[in-house]
Amino acid sequence: MDLNALLHAFTPSLTSVAMLLAFFTYLAIAGSILPGRIVPGVTLSDSTRLHYRCNGLLLLILLVSLLGIGGWMDLVSPTAIADRGLELLSTTLIFSLFVTLLLYMAGCRSRSQSSSFKPHFTGNLIHDWWFGIQLNPQFMGIDLKFYFVRAGMMGWLLINLSVLAKCIQETDLSRSMILYQIFCVLYILDYFFYEEYMTSTWDIIAERLGFMLVFGDLVWIPFTFSIQGWWLLKNEVELTTAAVIANCLVFLIGYLVFRGANKQKHDFKKNPKALIWGRPPKVVGGKLLASGYWGIARHSNYLGDLLLALSFSLPCGISSPVPYFYPIYLFILLIWRERRDEARCAQKYKKIWAEYTKLVPWRILPYVY
């Protein structure tokens, strides 16, 4: 592809803008009216709690069903996203920059003293723009942080399904593509089945909403997590039966660690006396869980996340590093985030954290400092 063709492919069109707006409008309206469990978030520093309508799974199933019916009736093209991948990428990036600017301006004008809306300034414009200045900004009653991460996860699935449709239309469906698609579908459906667990994650309870999270949710998650699918669309990979079995084992182990660790943490926050692996939990200082996966290694959920990311790339074989961009990036990100988490926890819990780290010395990977 020459430079002019590449620039044309990246240039937003009215169609890509309309597709993006239709997607965000659907999520805002349907997400507000569809039934769902109302889940209280964690208690904030001012003793308030946000409440989240966890209807993401129903929202996703309805959206895919509507698009499927639209495709069957020739109202929409199943390959529309795959056909306009690059221009949708640039359109979403521009939208993210615009939203971040509005968030910063709204935060600067806020005079609220609540934990959710109180602006936090460091005096460094770039830092405040990147990390955000408000914890839980809202628009028309919609919690934007929860909304954006939901949009990113659903966008990832929609891209994958469109790539799958294009693969069926243009080439033979390989074992590799089938395996990649199955793993991603299971992971995304699981995310929305356990959507309430998101309400107790660090991103929701501690990170302010700035460019880092907006870009990460709307651009990075859907467009980089789907690189393997795009790569398999253009490259043929034949997996042996042994390779398929090994890949399934990596996915299964990763899922058990990832989901198990996150479930234990969420259950502990809701009920500190909840059994862990059938036994009463070991708790340090009355605050820190040191049982189950959290008694094996600190941030053990990151290990599960890394194994899952690897399982998404293994169907692509080892002929190119391109499909391994996601697990490589995630490894770097989680190491950086783990360092930030450690520093914050040490500052927050002080002596309790020192006691916990002595009891659980391993970080992410057991038996590795």
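All residue numbers here begin at 1 and follow the chain in the order shown.
Cβ coordinates are placed from backbone N, Cα and C, and glycine is handled just like the others.
Curation plays no part in TrEMBL annotations; they are all automatic predictions.
From a predicted model like this one, the values you see are computed outputs, not experimental measurements.
Taken from TrEMBL, the feature transmembrane segment applies to 6-29, 50-73, 85-106, 147-165, 177-197, 209-233, 239-258, 279-296, 308-336.
Of the candidate ranges 6-29, 50-73, 85-106, 50-73 has the most C-beta pairs within less than 8 angstroms of the transmembrane segment (147-165). Of the two recorded stretches, the transmembrane segment (239-258) lies close to the transmembrane segment (177-197), with three or more CB pairs under 8 Å once pairs fewer than 6 apart in sequence are set aside. Sequence-distant contacts of the transmembrane segment (50-73) (same chain, at least 6 residues past either end, Cβ-Cβ under 8 Å): 26-27, 30-32, 34-41, 44, 116, 136, 143, 146, 150, 153-154, 157-158, 161, 165, 188-189, 191-193, 195-196, 199. With a cut-off of 8 Å between Cβ atoms, the residues of this chain six or more beyond the transmembrane segment (209-233) that come close are 82, 85, 89, 92-93, 95-97, 99-100, 103-104, 128-137, 144-145, 148-149, 151-153, 155-156, 158-160, 163-164, 166-167, 170-171, 174, 176-177, 180-181, 184, 203, 312-313, 315-316, 320, 322-323, 325-326, 329.
For the transmembrane segment (177-197), the list of distant contacts is 37, 39, 52, 54, 56-57, 59-60, 150, 153-154, 156-157, 160, 164, 167, 225-226, 228-229, 232-233, 239, 244, 247-248, 251, 255, 259, 262-263, 266, 308, 311-312, 315-316: same-chain residues at least six beyond its ends, Cβ to Cβ under 8 Å. Sequence-distant neighbours of the transmembrane segment (6-29) (same chain, 6+ residues past either end, Cβ-Cβ under 8 Å): 59, 63, 80-81, 84, 86-92, 94-95, 140, 142, 147, 150-151, 154-155, 158.
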